[in-house]
Amino acid sequence: MASNVPYMFLLFPFLVVAYAGDLNKDFDITWGDGRAKILNNGELLTLSLDKASGSGFQSKNEYLFGKIDMQLKLVHGNSAGTVTAYYLSSKGSTWDEIDYEFLGNVSGEPYILHTNVFSQGKGNREQQFYLWFDPTADFHTYSITWNPQRIIFSVDGTPIREFKNSENIGVPFPKNQPMRIYSSLWNADDWATRGGLVKTDWTQAPFTASYRNFNADACIWSSGASSCASNAATTSSSSWLSQELDTTGQERLKWVQKNYMIYNYCNDKKRFPQGLPPECNIS
C-alpha cells in the first residue's frame, strides 16, 4: 500500500480491514530498551540486535482467522547467528502458533526461511526453504492466510506451504484460540546457523531488520467476540475465509517445494520411527 494512504478501518458488514499507514496504531514495542523504533510517522518499524539485547513488538489486536501481510527487509551482510521471527501465537500451555523464522547466514550464503505450525501446544511440523531472491536487498511481502480449512504461507504472493485442516483424521487445527502477531530479532547462535557451528560476529552489530506496509484483512477478537459474523464467508470482502489454492497456486507451490524446499518433516522418517505424522499421508 502506498505510504500516503492513511490508516483506516473499512467496516464491511462482517469484517474489519486494517490498512496500516501508521504502525503505531497496530503495534506495541514490547522489549529491547530502545532498540526497536517506529519511524517516518509510523511508516517504518525497525528492530535491532546488539550483544546486550535484541528487540521485539506485538500487535495491539488479537485475530481469529485472517489474511495478514507484512513487508520485511532482513539483516544484511553477515547475519550468521541471528534469527528474525515473525509469527502468530496464542497464549497458554496448549497454544496455537503459525511461524516464520528467518535464520541468518554468513555473507554470500542464503538465508533459511523456517516455517512451523503449532496446534494445542504441539509443533514439530517444520518446513524450511531457501528464497529465490536476496531478502536483505529490498522489502518483500510475507503473508499468512488462515481460515477454518487451511493455512497458506506466501512470499510475494507465491504460496510456499499449505497446512490443511485434518481434524477428520485426529490432527488438531488452530481454529479456536485468537492469536496476536509477534516479531523479534534475537541471537540464536547456539543453533541458528549450521546447527550452531557459526557464531554471531558482534563486530558487525547492530543488526537491523525493517518492517512496513502491514495489512490485516481479518477477524479481530475483542471482549470474547469476533468482528466477523458466522456468515462472513458469503461476503465479497472476505474471500480469504474460504480461500484455497487454485490450479495456478498449486503449480507455484509445487515449483517452490521442488526447487527451494530444503527440509520437510513429512520426509524425515528417521525423526519419526513410529511413523510419519498422520497429516503427512494425505495429499
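Just so you know, glycine gets a Cβ as well, placed from its N, Cα and C.
TrEMBL entries are annotated by machine, without manual review.
According to TrEMBL, the protein has these features:
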- 1-211: domain 'GH16' (DOMAIN)
- 1-20: signal peptide (SIGNAL)
- Glu97: active site, nucleophile (ACT_SITE)
- Glu101: active site, proton donor (ACT_SITE)
- Asn105: N-linked glycosylation site (CARBOHYD)
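Counting every protein chain shown, the Cβ of the residue listed as 'N-linked glycosylation site' has 20 other Cβ atoms within 10 Å. Glu97 (active site, nucleophile): 18 other CB atoms within 10 A of its CB, across all protein chains.
On the 0 to 100 pLDDT scale, the model's mean across the domain 'GH16' (1-211) is 91.
A separation of roughly 25 Å, to the nearest angstrom, links the Cα atoms of Glu97 (active site, nucleophile) and the residue listed as 'N-linked glycosylation site'.
Non-local neighbourhood of Glu101 (active site, proton donor): Val83, Thr84, Ala85, Tyr86, Tyr87, Leu113, His114, Thr115, Asn116, each in the same chain, at least six residues away, with C-beta under 8 Å from its C-beta.
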